[in-house]
Structures are given as C-alpha cells and as structure tokens.
Amino acid sequence: MIPQISQAPGVVQLVLNFLQELEQQGFTGDTATSYADRLTMSTDNSIYQLLPDAVVFPRSTADVALIARLAAQERYSSLIFTPRGGGTGTNGQALNQGIIVDMSRHMNRIIEINPEEGWVRVEAGVIKDQLNQYLKPFGYFFAPELSTSNRATLGGMINTDASGQGSLVYGKTSDHVLGVRAVLLGGDILDTQPLPVELAETLGKSNTTIGRIYNTVYQRCRQQRQLIIDNFPKLNRFLTGYDLRHVFNDEMTEFDLTRILTGSEGTLAFITEARLDITRLPKVRRLVNVKYDSFDSALRNAPFMVEARALSVETVDSKVLNLAREDIVWHSVSELITDVPDQEMLGLNIVEFAGDDEALIDERVNALCARLDELIASHQAGVIGWQVCRELAGVERIYAMRKKAVGLLGNAKGAAKPIPFAEDTCVPPEHLADYIAEFRALLDSHGLSYGMFGHVDAGVLHVRPALDMCDPQQEILMKQISDDVVALTAKYGGLLWGEHGKGFRAEYSPAFFGEELFAELRKVKAAFDPHNRLNPGKICPPEGLDAPMMKVDAVKRGTFDRQIPIAVRQQWRGAMECNGNGLCFNFDARSPMCPSMKITQNRIHSPKGRATLVREWLRLLADRGVDPLKLEQELPESGVSLRTLIARTRNSWHANKGEYDFSHEVKEAMSGCLACKACSTQCPIKIDVPEFRSRFLQLYHTRYLRPLRDHLVATVESYAPLMARAPKTFNFFINQPLVRKLSEKHIGMVDLPLLSVPSLQQQMVGHRSANMTLEQLESLNAEQKARTVLVVQDPFTSYYDAQVVADFVRLVEKLGFQPVLLPFSPNGKAQHIKGFLNRFAKTAKKTADFLNRMAKLGMPMVGVDPALVLCYRDEYKLALGEERGEFNVLLANEWLASALESQPVATVSGESWYFFGHCTEVTALPGAPAQWAAIFARFGAKLENVSVGCCGMAGTYGHEAKNHENSLGIYELSWHQAMQRLPRNRCLATGYSCRSQVKRVEGTGVRHPVQALLEIIK
C-alpha cells in the first residue's frame, strides 16, 4: 500500500491574503495555490526548477492593473511577481518564486487588424501560429520565426526578443513591435510608440512614474550614446535586455520606449497588449536541401548560400538527422530528403528562396543548383547532393521536421541528454565555422556527445551538449562549459544569448556589457522597478539595491530527480524523461496532442504536467522510503484481503472528508487523460502518459477504493457477450430514464451505448464464416489458406456496432476471399486504461496464446478498430515482453492494401468521401489516411483526409459523467465544424469511439470506410 503524502510545500499566509483580497476587489481571472498547479509552473523548457508561491491567470489588462495596484500596497511590499507566457523559454526566463502572472490561459484575443496599414493588435497570450492562422486570409504573416511557434506566446516573444529562421531578412521580434501596452507595478498603464524626441523629452519632465521612466531612459541613452554604440556588437542578433542601442533612431530624431521593453523578460512591467507590424506572405517559396559529407562542410558552405540571395540558410547535423529518421516525423519528409547512393549524409543545409516573382525565384534556385552540380562534379565543398522542394506543403513539412529537431535531441538514448544552456550563441557569420570548430573541440575534450542545428546565415547555431543533470559532477561540468563558452563567444566578437534571452545566464551580463554600461541598465531597472519586485534576479538588479542575480548553477530539475532511486527512474522513464519542450501545448485544435490540455487550458492536464506531477510523486515516495517497483511486484494476483478492504474503505472515507494526500492531485491529473496515446508518438521524447498513468492508478488504488464504474469498464468484455444474447431486452432496460438517472448519479456513467440489434451472432447465423473450427482451418490446403482471412473481433465493434464487422465479412467475400470470424477473445485495453494491470497481463497472455496459435495457420488476421488492434502491438508488448509471441493482427487498411496490390487504379470520378482517422491510428501510423485513399482510388473513388483533432469520446472517457462537458467541448473544437460543412453520408471514421461520439452529438452517425467500400465495389 502506498503511504499518504500529507505534507507538501505550503503557501505563506501573506500570499493567501493577497489572493483573497484580489478576488474581493473584482479580479475576474483564476487563482491557483495547489501544489500541482505550482509544480507545473516550476519548470519551463530549461534545465531549471523553481517553485512559485501561487499562480494567477488574468483575463484582461484591467485584471493585471488590479494585481499591480494591490501589489503596491505597503502590506504586500515583500511579494514578487513574474509574468509568464507559453513557458517555452530555454533558460528559466519566467521561473521565479512569488506569484506567477500567467498571460497564456485567458489573454489570447486578437483585438483588431488594419490590413491597409499592415498592423495587428493582440493580447500577450496570443500564440504565434494562432496569429499567423488568423492573418493568412488577409495575405499577411508575423515574420519572426521560432521552433516553438505553435505554443509560444507573442508576449513571451516580445519579452525575450525572440527570432529564428529568416532573421537575416526579417529581423528580430523587436523589429516588428510598433508599440505595447504595459502595466507598471502600481497599476499605471504605459502605452508606447515611436515619438519625436521633443515629445519624449517633454514627457520626461512630468513628475509621475511614467514621466520619470521617460526621463531616465531618454537621458541615459542620449548621454551614453557613444558608449552604447561602441559596446553593442554589430550583429543581426543584437544585444537585448535592455536594448539601449535602438531607443533612438540613427538620426536621433525619434525615441521609442518599446525597445527597452522588448527583451526585458518581465523585469520592468507586465506587457498585456502589442501592436505588431505584419508582413505580406510571399507568393513563391522554394527550398533547396543541400547534402554534405560533413557538418563542417555544411557550415563552411553556408556563406555561399547567402550570397546566392537566399532568404535563409538552416543547418542540421548528422545527430539531429538520425534522430529525425527514428521519429514519426521522418515519414512526412523522407521523399524530400533522400539519401545519396554510396554516400553518407552528415550535414544538411536547408536553403529557402521566397518572393513574389516566380521567374526570378526559379532563376536564383536554378543558378544555385547549377553551381552545386559543379561542386559535386569537382568534389569540392563537401557537397554530395541536393533536392528542390517547390510545393508549399513540402516546404512546411520540412520546417516542421526542423522545428521538431529541438525536442528530438532530448530523445537521445541514455542518462545523458542534450540540454540547453549555451544553445543560442551568436557570432559574426564569417567566423561561425572557426568558432564552431573550437566549440566542438571544447566539448570533445570532455568526451561529450552533442547535437547541432541552427541559423548559419545569422551566425547562430544551437548546440546542446549531452549531460546527465542527475549526476552532481556533470552539473558542475555544465557550469564550467558555460564559463568557457562565454570566453569563446567574446573571442569571436559574439554573444552568449543570440535569440533566447538571458534568464539564469544574466550573471554573465557585466562581462558582455562592461561595468559602465551595466550600471546604465541598473538605472533603467530602477526607473521601472526600484524595489526589484518584477522577476528579480534576471537582467540586472536596480541601481541602489544590492540584490543577488540568478546563477547558471541554480537549482535544476536534476537536483530533485536525483533523489529518486536510479532503478525507479529507469523503470518510470516515460515520466522522467520529459524535457519540458511543451509540444503538448500546441494550440491547434486539429493537432491530436493533447485534447485534455486544449479543452481545459490547464497545464496540469498536459503530458508535461502529468509527467511533472508523477516525477514529484516518485520523489516524495522515495523520501518516505517507499519503492514503487517493489510495491508493483508485491501486488496480489487477484482479490484483496478483508483487512486491506477495510483499510482502503477507511482511507477513502478520510479522502472524501477532505484529508490531504498529494496522490489525490496526481490522480486528478491522470483522470483527465483520454488515453488517446497521441503523446506516445507526437511528443519528441515519446512521453507515454497512458502507460505511466495505468501504473500510477494501479498503485493509487492499493490505498483507495476504486469507483464502481472502473470495475464495470474493466469487465465490459465479460458481460457484453452475455448481454448480446438478448440485446433488445438489455437495450430496453438501459434506455429507461430511471436507469440512466441512477447510472449517472451512482455509477458516474452517462449516455450508455446500446447493444447492436440484430447482434453479430444473429447476423452471422448460417454464414460459413462463423462456423469453421480450428481443425477445419488446419485442414485447408495452401491455395485455400492463401484466400482465407481471419477476422479478429473486438468488444466494442462486435457488440455495439456489429454491422461494421458483418459488412467487413461481406467485403472480404466480395473481394474473392474466404472470411472466417474468429471466436471472441478479450483484448483487455479497458483493463489497461483503468490500471488493472495484473488483470490485463492475464487477459493479454490468454489472448496472445490464442492469436499465436491462429498465426501458425499462416493466414492474415485482421481487426477493424484501430485502438484495439494497436493495443496488440504496444500494450501487449510492454506487458508480456517475449511472451507476447510473434502474432500480427493487421488493420483493415493494411490487409486491403496488400490484397489489392495487383489491382489497377480505376479512373476516379464522382463525389468525394471524407476520412476521419482515429487519434491512436493517425499518430502511430501517419500513413494510414494515404493508404485508405489509395485503396479507394483502386475502385475509382476519391477519399479526402479531414484534418481534425480528438473527437472527445476516447473509449469510456466520454461516457463518464465527470468528463461529459469536456468530452463534448473537445468534439466542438474540430469535429463539429467538419461535420457541419461536409455531407454526413460521405463521412467515414475508423474508430468505434469516433462514430459513437458523432452519433451522440449530431444525432446521425457515420460509417466505417469498409462499409463505404462495400457500397462502392460493384
């Protein structure tokens, strides 16, 4: 039995008083003080961990102003505040103690756009890709690019002055910020925009907080103009935080306070809104993917690409390329970046040309390719091949791979993981190759592996050395390397922070700015935040206050993780290896990961949040001397003793009375998971939440009783076959209003599915497919076996959507094969989802033995529901290991593609069909939609893939009363709109859950693709 974890870091009374008074004064946002909420805000995309006291989620600038006004009260003068955006920072920019002000949950409105003048006004929590999705119909985009664009907020981009691919042409975020609305500590609203210097000087004479800010910045930047110009490196990635260089324009006629706030990392004010310059979308985009025999060759050849008038040049090394090859993302780009025969591709330059004149762009591309051919022929520059990508969809797929490369590095095998701490250094591009050669020599001298990729056109390369932060000695080495890289960048006239901000690296600021200029930064900080209450420890302390700076060797995630025994860390790798990349925060409703995060906007309900909580849970167990591995081994095979039952009942009674246990917070996070498994493939680190969720639930329920619904779900494969013998009787009973009401109130289940009428057994009466014995199958000759297909049943389709199985049997017959309906054998997935892992292992072993016996017949076995078929491949393998055997159950599309391989493709005509894939299917097997389309094409039918996220049903998730609202909300995010615009009778869904959800919400259902094929085939 797991122990009660009754102690968690508490919240000081002053913070609780502040939050209470904040709500009393009309705050309309959310506040959070639970340990789980605070833990999810204690990390970002960096190696650091710092627990805040509380989190607030404002809904408007007025809410932020209320926070700032209340904070200025004398009784709260000791509290500190840190703004936070998407949490994608790689250096702890938004990590701090005190109160986190999260702008991402609610402040995500696009306020107005002026296409004629080319600007848009947004709230700070708008996500970069969200804005570009909005701008696309107007023919515009927000130009600064970054790899985390689908979850990074514009407020975060402004605060770190982010930039990435294309910065040589498009510049940094600050080059596109026309003005901001910021709230000062005290509640004053500061609106910035470029001003004539005379007006700025006049504003500085006002005896107000804003007046003093204008005066300080105006005077310091004017008086120290020459010092600033002399000390700021002449780089595309100029020195930010605070950008004294660009407050005045070159002619000294214009003054813009915005430049001080961009890159300020929340140390000066709360930026709540911004007016942004937007750029016309280029009409033509081309990529030339240039392949090299070494990474050094790729680096040294990059200036040549820039001279060819390319928009951007992105470089990727062999380590990143190889990790991409092992990831599901490679499926989308493999034809665009093919291998060169008899050559090893160890470096890649992704060269983009863009503009409005197609002839001009093609001329530049052709000229480059001709020159590349010359280099290949003469064996120069290490060029071994090239490919041109002319289609926009292909261009976007390659950049998606490049963006995912950041996270893929974290998926390197072993305890040492490539980590960010010196990952955005910038040097003049002409020195980059020599600089990187020295950088690599430094890392090689310590015997470290590393991955490299980046923006070679701008002199920025992302370098992530592999270190084990659970090893104290490697943590010390990280600081040593960091110090050495500071010296190395200085040697080449570069910067340690080229695009990701300073964060915990601010301790190096005096070395880059010089003491005299650093003193000027402190004066600026003092004008905005004299008492050092906004994100203290970052950028610089205010003048007149001897306050400490954050350090590179501050407390890290590894500091906590190393407290968990190594064996536990290894066995719970799924939770331990989350590196915080945050891809699970993807805003796009059409992205399958993560539906619970999308609907709740609560990061507890994301793979990263769940992994964070489980890591802390494991640490707290270790702190109490409890070994979860031993507990798992000691679990009884079946049943529980009376003493255990009494103990669980007592513990559950105390829990219902409000007795605290951190395990309850973890359980709440796990209960929100739909177990769709999108994270297990879409996450670059392959964080498999359903797997460690099941293990957690199994251990959690050693202490607490399971709800009745869990037992009903886990035994569905036992009672469904019995109920299917009299489906009308049971349906009549289930349909009674009183039964449904009692089910919702006492079991917690709603909208219970009805059994199929007629049942599958009734439909198959007299059909030869249902009456073949094993002996008859074994007696078939080779030719007969080659034409026989074994249909594997699953509990949901066979008993609740039997027509699909019956139609598949008929389809197999129609194609000239002999279908044989195998006896139903429980799959066990429902047991796995609910954490009945011992029971699941028994079910899996029994069914695996049966299917292995069938596999020996040498006939294909096929199932129609993706989630259940893929369970044989994934969960069975994890549960049984080698005992699983070698049996293989094919999906319907896999078998059809093979069976129809020799059939010619017919002329496509008529109305389209529309394919809605199951989350588990399209993420684990991304080629499935195309495979289905190819199958339909063989019969002259067009099948279009519909890009949607999760349907919200996910097995029994949508039937649980506590999930009902979220289930319907998830459906509304993408499925409902698609169903409304497409003809329902032409929509097809492979998942039983998906079809059930459509019928529940829309009133009429959709069919399985095999049913459409049965109709199509003449």
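First residue shown is number 1, and so on along the chain.
The backbone N, Cα and C atoms fix where each Cβ goes, glycine too.
Using a 10 Å radius centred on the Cβ of HIS500 ((R)-2-hydroxyglutarate binding site) and all shown protein chains, the other Cβ atoms total 26. Secondary structure from DSSP puts HIS500 ((R)-2-hydroxyglutarate binding site) in coil. Sequence annotations record features per position, and here Swiss-Prot assigns (R)-2-hydroxyglutarate binding site to ARG402, HIS500 based on similarity to another entry.
For CYS673 ([4Fe-4S] cluster binding site), the number of other Cβ atoms no farther than 10 Å from its own Cβ, over all displayed protein chains, is 23. Secondary structure at CYS673 ([4Fe-4S] cluster binding site), as computed by DSSP, is coil. Taken from Swiss-Prot, the feature [4Fe-4S] cluster binding site covers CYS673, CYS676, CYS679, CYS683.
As annotated by Swiss-Prot, domain 'FAD-binding PCMH-type' applies to 48-281, with the evidence given as sequence analysis.
Confidence in the domain '4Fe-4S ferredoxin-type' (662-695), given as mean pLDDT, stands at 95. The domain '4Fe-4S ferredoxin-type' feature in Swiss-Prot is assigned to 662-695.
Nonlocal intrachain contacts for the domain '4Fe-4S ferredoxin-type' (662-695), taken as residues 6+ away from its ends with a CB within less than 8 angstroms of a stretch CB, comprise 2, 4-6, 8, 34-36, 327-328, 404, 406-408, 410-411, 572, 574-575, 577-579, 581, 583-584, 591-596, 600, 604-605, 607-611, 613-614, 616-617, 620, 628, 632, 655, 703, 832-835, 837, 840, 870, 874-875, 878, 919-920, 923-924, 950, 952, 954-955, 957, 962-963, 966, 970.
Ranked by Cα separation from HIS500 ((R)-2-hydroxyglutarate binding site), the binding-site residues CYS673, CYS676, CYS679, CYS683 are led by CYS683. Report note: the [4Fe-4S] cluster site is defined by CYS673, CYS676, CYS679, CYS683, and the residues of the same chain whose CB lies within 8 Å of the CB centroid of those residues, excluding them, are CYS584, MET593, CYS594, PRO607, LEU674, ALA675, LYS677, ALA678, SER680, GLN682, ILE687, ASP688, VAL689, PRO690. Per DSSP, the domain '4Fe-4S ferredoxin-type' (662-695) is made up of 21 helix, 0 strand, 13 coil.
ARG402 ((R)-2-hydroxyglutarate binding site) carries a helical DSSP state (H, G or I).
Residues near ARG402 ((R)-2-hydroxyglutarate binding site) in space but far in sequence (CB under 8 A, at least 6 apart, same chain), listed by position: SER147, GLN165, GLU314, VAL316, ILE350, PHE453. The Cβ of CYS679 ([4Fe-4S] cluster binding site) has CYS584, MET593, CYS594, PRO607, LYS686, ILE687, ASP688, VAL689 as same-chain neighbours under 8 Å, each 6 or more residues away in sequence.
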